[in-house]
Structures are given as structure tokens and as C-alpha cells.
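K.L.:
Have a look at the structure that comes next, please.
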Amino acid sequence: MIRLTGGPPSIRTEDAQLVAYVYVDLNGRDIGGYVNDAARAVRERVTLPQGYRVAWSGQFEYMQHAMARLKLVVPATLVLIFVLLYLNFGRITETLIVLLSVPFALVGGIWLTWWLGYNVSVAVVVGFIALAGVASETGVIMLIYLDNALADVSGRAQAEGRALTRADLRAAIMHGAVERVRPKMMTVTAIMAGLVPILWSAGTGSEVMRRIAAPMVGGMVSSTVLTLLVIPALYALVKGWRLSRG
């Protein structure tokens, strides 16, 4: 005998357990921030019966896997930057001047990311990686200008038959840093002109692009101060110490 009865159209299982899915569409929020807030609300307001549990999957799960990979990519990127800088300068001191000054460039990116209310995500980390590369590049160019200016002053001192003095070192650093102002401002202007409109963009993919652009926009401000002030100061300390040792 055949008869009709009511029942579920399908039975979903995962890990040999019954499972039910709740789908959430996000608009204007990053996945990580939403899941953190939602998980906290579930812990505070929902009492699960015995044998029940809540798991967050979907794009959030993919993001977690990507963040795990970034824990390897970020250190590898810093090591690669160090190696490339050392191959360029051939000296450990100049390499450390650029590498140790990169955190100053990240300050602006961290501040703007916090001000905009963005949580740490894959897109934000990618923005910081790009910012570190740009800051290193501008630092390299600054050191090249300083080295060229110091070489010119040293050549004139040798032609005059005298030793290089601290006054010569100071003059060379001032001249090299001033020559770097215009190229640096042109670089900052070009990058800001390309990235600032992204912060107010809307449409498909804009949430991700805004989180990539925010660290770079904020970081370019602090990177300008870094390149024009911090790197020449560190360069003066290193070269002055070498000059005092003869």
C-alpha cells in the first residue's frame, strides 16, 4: 500500500552529524568583523541544547585558510625584502636602515585602518604588504641620493687634500635629502591620486578594494615623514659613527 506523509525533503549531514545551514548575505561589512560580532552575540544570548554546536563556514572558512597562509607569506616577504636590499647595497648597515624604518611607514596605515573601523582581514594584510614594499623602495632611493651626495663631498675634500669632517657630512646629508623632496612628493601624489578614489568607491568588489587601499593611503603620509626625516637621521648616525672611528 502506498501512502503520502509529511517529512523533510532532504537530510543533510556533516561528520556523521545532522546539520542545518543559516545563510547570511553581507553588505558593507567585512566577513571577519561580522563573524566576530555574531559569534559573541551567539555566545551571550543563545543556550545550545546538549549535543548541538555552532560552526562558521563559507567565505569565512576560506578567509581563515587564507590568513593561515599569510602567516607564512608575511615573514617570507620581509625576508625577501631584506635579501633584495642587501644585494642592492652590499652592506648590512644600509639594509637595516631601510628595513628597520619600515614600521614607521606602517604607522599611518594602522591609524587610517583603525579610524575607518576595518578589522584585520586578508585584504588589509595585502595592503600592508604592498605598503612595506613601497616604503622600502622609497627608502632605497633616498639612500642612493644620500650616498651620491656624500660621494661628491668626499671627492671635493680629497681634491682639497683634507679629511672629511662632520660639517661636510651634515652638508651632504642635507643636500641629498633636499634633492629627494620633489621625487618623493611626485610619488606620493601619484599613489594618492590613484588610491583615494577607491576609498569612496561602490559596487562589486569595492569592500575588498577599500581595505587594500586604506593601509597604503595612510601609510604614504607617514612614509613621507619617514623618508625625509627618519632615514637621513639614521644615515647621519651611522656615517658619523664611522667617521669618528676613522
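Along the chain as shown, residues are numbered 1 onward.
Including glycine, each Cβ sits where the backbone N, Cα and C put it.
Those TrEMBL annotations? Automatic predictions, nothing curated.
In case it helps, TrEMBL gives these features for our protein:
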TRANSMEM  72-89  transmembrane segment
TRANSMEM  96-116  transmembrane segment
TRANSMEM  122-146  transmembrane segment
TRANSMEM  185-203  transmembrane segment
TRANSMEM  215-238  transmembrane segment
K.L.:
Short question: most Cβ pairs under 8 Å with the transmembrane segment (72-89), which of 122-146, 185-203, 215-238?
P.N.:
122-146
K.L.:
Near the transmembrane segment (96-116), which residues from the same chain, at least 6 beyond its ends, have a CB less than 8 A from one of its CBs?
P.N.:
78, 81-82, 85, 124, 127-128, 131-132, 134-136, 139-140, 143, 199, 210-211, 214-223, 225-226, 230-231, 234-235, 238
K.L.:
By a Cβ-Cβ criterion of under 8 Å, what residues six or more beyond either terminus of the transmembrane segment (185-203) are in contact with it?
P.N.:
116, 134, 138, 209-210, 212-214, 216-217, 220, 223-224
